[in-house]
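Look at Swiss-Prot and you will find Arg25, His137, Thr358 tagged as substrate binding site. Sequence annotations record features per position, and here Swiss-Prot assigns pyridoxal 5'-phosphate binding site to Gly112, Tyr113, Ser182, His210, Thr239. What Swiss-Prot lists as N6-(pyridoxal phosphate)lysine is Lys242.
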Amino acid sequence: MKLASNTPDWVLAALEERRQQDLMRRTITLDSPQIPHTQIHSQDYTAFCSNDYLGLANHPKLIKALNDTAQAYGVGGGSSHLVCGHLAPHQALEEALADWLGYERVMLFSTGYMANLGVISALADKNRPIVQDKLNHASLIDGALLAQAPLRRYLHGDVASAQKLIARSAAGGLLITDGVFSMDGDIAPLTELSQLANQHDWMFMVDDAHGLGCLGENGRGCLALEGLDATSLPILVGTLGKAFGTAGAFVATSNDYADYLTQFARPYVYTTAMSPAIAGATLASLQLIQSAEGQERRDRLARHITYFRQRVQMLPVALMPSNTAIQPIVIGDSKAAIEISEQLKTLGIWCTAIRPPTVPAGSARLRITLSAAHSDEDLVLLCDSLEKVLTAKLLNAKRLNLK
């Protein structure tokens, strides 16, 4: 017997609308560690949808560091950084990150979402407007909404569009962009945006969640790739759950900005610090990223990207202009993207379909992500499978058009 529900009609209607549009999201449970050869519902797959770009999430050195730090400092942070939750592993990680990136200070946050909410809501308000890229991550948009600041979004990657929006404001504000865009994989024109912010005396903030660890000299991300520093890029946000293979986030900035954020960034002030064990594991990850092994992993990832693009450019799809680990194939229709994703699963490839509202309407896609942990054979399997599925779909479409 079906139990009576007190769920509001508008909730049920919203869910039904998502179902009708093939946009329902669901959780998938892995039965294995975060590795390329994964197991889902007792089925074996080669996964191409993780953000573990360097393959460090299951690295034995990180596991050992996490265990050792937990033995010494426990598992829980216990409190916010400002009460009694800032332990020695947190301090060591902050100092190491600051030294690596060339900033005066680093502040740890529990998630990248919280870092962006904290920084933006503290620095912008009704009198300090925000101008940001139209394809920025949701957390950057939500930070602006939380700040209740005037928000204008410029055309993707278009510095001239950003210039026009900044010129409309008499007051100084905050210019924000992703470093690497999470759904397209392209890199923002950071040098030009930095110059624009400096020209108009605006603050400049970059979220380099998908660049740090993978790009630039010593893995220092878009900062190094674009030749920027702590002066030309005064507020840098990085996440630790991607190339670092752990969890959490940080803000790299000046002493003055860090002191200000310590007072006014509410998601920093009013939340428990990340686990000290995670901080210890992340420090081990940073050491790996800076080592010869880290460079070898970046080189292997770059080879995978080159091979993938060479193979896929011969298929009946348009490649996006990305030279990063994120290699999307835009399908367009949500239902078609789901069908292709399901067909790939039958060939042992796990690659999720990304649909609106995560991406703009009409641009549903396969968000393929590559990792240094993938083998050459994994890449061959992926490209062979894509060729089989996409070619068959094109032939079927031609048959339907002939009828």
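Just so you know, glycine gets a Cβ as well, placed from its N, Cα and C.
What does the local environment look like for each feature on the list?
Arg25 (substrate binding site): 7 other CB atoms within 10 A of its CB, across all protein chains. In the three-state DSSP assignment, the secondary structure recorded for Arg25 (substrate binding site) is coil.
Around His210 (pyridoxal 5'-phosphate binding site), the same-chain residues six or more apart in sequence whose CB sits under 8 Å from its CB are Asn51, Tyr53, Asp178, Gly179, Val180, Phe181, Ser182, Gly185, Lys242, Ala243, Thr324, Ala325, Ile326, listed in sequence order.
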Restricting to the chain of Tyr113 (pyridoxal 5'-phosphate binding site) and a gap of 6 or more, list residues whose Cβ falls under 8 Å of its Cβ, or answer none.
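In sequence order, Ser139, Asp142 meet the Cβ cut-off.
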Setting Gly112, Tyr113, Ser182, His210, Thr239 aside, what same-chain residues sit with their Cβ within 8 Å of the center of the Cβ atoms that define the pyridoxal 5'-phosphate site, listed in sequence order?
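Filtered neighbour residues, in order: His137, Ser139, Asp207, Ala209, Gly241, Lys242, Ala249.
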How far is it from His137 (substrate binding site) to Gly112 (pyridoxal 5'-phosphate binding site), counting Cα to Cα, in Å?
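Spelling it out, the Cα of His137 (substrate binding site) and the Cα of Gly112 (pyridoxal 5'-phosphate binding site) are 10 Å apart.
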Where the record says Arg25, His137, Thr358 bind substrate, what is the longest distance in Å from one Cα to another among those residues?
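The widest Cα-Cα gap among those binding residues is 18 Å.
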Fill in the CA-CA distance, Gly112 (pyridoxal 5'-phosphate binding site) to Thr358 (substrate binding site), as an integer in Å.
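Per the Cα atoms, Gly112 (pyridoxal 5'-phosphate binding site) and Thr358 (substrate binding site) stand 17 Å apart.
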